[in-house]
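Participant: Can you read through this structure? Questions will come right after.
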Amino acid sequence: MKFLLPTFIIFIYTLLVSALPTKEGSDPKAAKKYLVSDLPGLHDNITPDDSIPLMFAGQLEIYPESNTHYFFWKFSDSNQETITNRTIFWLNGGPGCSSMDGALLETGPFRINSQQQVISNNGSWHKSGDIIYVDQPAGTGFSYSDTYITDLDQVANYFLKFMEAYYELFPQEINNEIYFAGESYAGQYIPYIANAILQRNKKLHEGEQKYDLRGVLIGNGWVSPNEQSLSYLPFFKDHGLIDIHHPKWATLLAKHEQCQKIVNKIDSTFDDGTVHYYEVSSSTCEAILTDLLEYTQDTANDKNQQCINMYDYTLRDSYPSCGMNWPNELVNVGPFLRQEKVMHQLNLINLKKWNECNGKVGRTFQARHSIPSVHLLPELAKEIPVMLFNGANDIICNSQGVLSYLQKLQWNGETGFINKDNQISWVYDNKEVGYMLWERNISFINIYNSSHMVPYDLPDVSRALIDLITGEYDEKDVDGKKSFVTYPLGSRKENDESKNPVESPSQTIDPIISSSSSSVESSLSSSSASATDSDSTSSKFTRLIQLAVILVIFWGVYVLYASYKSRPSSIIKKPTNNTSNITRSSTGKKKNVQWADQLNQFEDDERNQESNQGIIAKAIGKITGSKDTRGRYAPVHRENDNEYIDDIELGEGISDPNVDEFIIGSDDDDEEEQPRSDPATHKSVS
């Protein structure tokens, strides 16, 4: 009888795990080794109201022949009432910058405090769908490989291989709606990956299933590089950062005109389908921002306030950092991820030291044989909604540049936004937070009071972007303006009168979309109906399971009570140490067990199998500069030793002109230099 209660509890635990509605068909044995059940501060700083998410993480093998492993970290909401059949893949840019920036500074459930512990981010996107952060290309963050890739087509192919491996691990999710989201240089990655998925869906092989791609969200994206750079001088002038009387105005204007000639040449050959060197090389145009930051520095101010922050023009930084010391919490992320216990908790096979950006990946990834992703947007917009959102304070990927290339772009039968002046106000939580243009499946959203990293500044607002792209908003007249109204999580009114009058897929994806897209709309409607039916069936089944569990619990309690009551008093002995311990152990268990808590025991099964490898203790990466600044890191000056350190993503144009090449002094330099090809000659170089 002494083993009955523990056995009964394990039985109940098994039933509860099997009752999770959207986890049907999962293989716990396969996924078990990727479970994340603990992190520094997880159980101390995350309150029951916040709820601990269900987490899986690890390095998935995608190409054994090159030892290529992609690191992923997945977050799911542990609150069963808010579970959705939606998967969001998040990518950061660089190239070569880790998506852990997104996970721990932007859209994930946690931020990192100064004690290198997790604390709650109340604007996490995992409340709107399972979100998976992936370090890619290979070599980025915790991902690793014996070889590095060089072009955007490879990015797409590698990610498709990752998705195959991911869905082998989580086969129950293969029918989920899929969205891709990211920022900065991910504006190149995401369109290429999305296009590859759509092409794959059209030529499936036997046994393959369609990936239900529903849309892409690109924040402050580096989509049309030279067109974006052409916006720098107008942006500075329009925001009062420089004027025509500045002594360097003529010099800046001359460089702006040089860039304009390059853009004109690109426009003249835009549709010929050829990769032109003058389009994939953007160093001439990017030099404008380098000069602007130099010429506008305020030497009379404090040393750390002399340069305009290129990621948020309302902030200041030291020169030549100019924003690369931002955001402030970035200094907590690296030490957190470099803790050996955290590496083990994230199930790393290779205990690789984490760096925010990998210079070797950036140097190798030239993208000289790939047309910029702006060319792919029209084809994507034929099948899925494309959302381009921008923080209004960003310089490096500013809104003016995005609108400039969109107004030239032809998609779905028209050029640019036809009604550019017909702006739609975006209202969130009774506040106007931005405006949007939305036509023919492409939307542009300008978000007030936010930077290059919108989710960092406005986490709650950024999460509502998911509501916009999925149609979970109300269309209203607010203060005399047409407005799309979104709400804090869970507070949207659910009556028919308040629901969005444009609920059909054709209007949800695009209020002004033409009838020529009816086939796409019909397909989306069918998929939505199917998903709804599936959810309903799953919900009913889950309720039956839960009812059965409750009945079993009552039965178990009754059996235990009856068995003790029926014992003769002569055989009831004083509890021994062992029985006392059992009693305390069982009665000390939590009665209201959360999903993530239930799975804590899995960590114990693996603890004895973990490696004893230590952290690779090397110096932080240093940079000595580059001439070709396209998509590369900007060197950041160290005031004490006149050295340069890694930039966060897309600081490519801010470099010392006297510096010839990047030399990364990080843990990567202790490894053998990766083989790569010279994009211009295709010859192997070391």
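Using N, Cα and C of the backbone, Cβ positions are placed for all residues, glycine too.
Taken from Swiss-Prot, the feature active site covers Ser184, Asp394, His452. As annotated by Swiss-Prot, compositional bias 'Basic and acidic residues' applies to 491-500, 627-641, 674-686. Residues or ranges marked as N-linked glycosylation site in Swiss-Prot: Asn85, Asn122, Asn441, Asn449. Residues annotated as signal peptide in Swiss-Prot: 1-19. Residues or ranges marked as topological domain 'Lumenal' by Swiss-Prot on the basis of sequence analysis: 20-543. For 565-686, the entry in Swiss-Prot reads topological domain 'Cytoplasmic', with the evidence type sequence analysis.
I would like each feature placed in context: is it buried or exposed, what are its neighbours, and how far apart are things?
Facilitator: Summarising the environment of Asp394 (active site), the number of other Cβ atoms within 10 Å of its Cβ, over all protein chains shown, is 28.
A coil conformation is recorded for His452 (active site) in the three-state DSSP classification, outside any helix or strand.
For Asn85 (N-linked glycosylation site), other Cβ atoms within 10 Å of its Cβ number 19.
Every protein chain considered, the tally of other Cβ atoms within 10 Å of the Cβ of Asn122 (N-linked glycosylation site) stands at 14.
Asn441 (N-linked glycosylation site) falls within neither a helix nor a strand when secondary structure is assigned with DSSP, and so counts as coil. Over all protein chains present, the Cβ of Asn441 (N-linked glycosylation site) has 26 other Cβ atoms lying within 10 Å.
When other Cβ atoms within 10 Å of the Cβ of Asn449 (N-linked glycosylation site) are tallied across all protein chains shown, the result is 15.
Predicted-model confidence for the topological domain 'Lumenal' (20-543) is 90, expressed as mean pLDDT.
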Participant: Around Asp394 (active site), which of the listed recorded positions (Asn85, Asn122, Ser184, Asn441, His452) come within 10 Å, judging by Cα atoms?
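Facilitator: Those near Asp394 (active site) - Cα within 10 Å - are His452, in sequence order.
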Participant: Measuring Cα to Cα, how far is Asn85 (N-linked glycosylation site) from Asn449 (N-linked glycosylation site) in Å?
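Facilitator: For Asn85 (N-linked glycosylation site) versus Asn449 (N-linked glycosylation site), the Cα atoms are 32 Å apart.
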Participant: From the Cα of Ser184 (active site) across to the Cα of Asn122 (N-linked glycosylation site), what is the distance in angstrom?
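Facilitator: So the alpha carbons of Asn122 (N-linked glycosylation site) and Ser184 (active site) sit roughly 23 Å from each other.
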Participant: With Ser184 (active site) as the reference Cα, tell me which of the recorded positions Asn441, Asn449, His452 is the closest one.
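Facilitator: That would be His452, the closest of Asn441, Asn449, His452 to Ser184 (active site).
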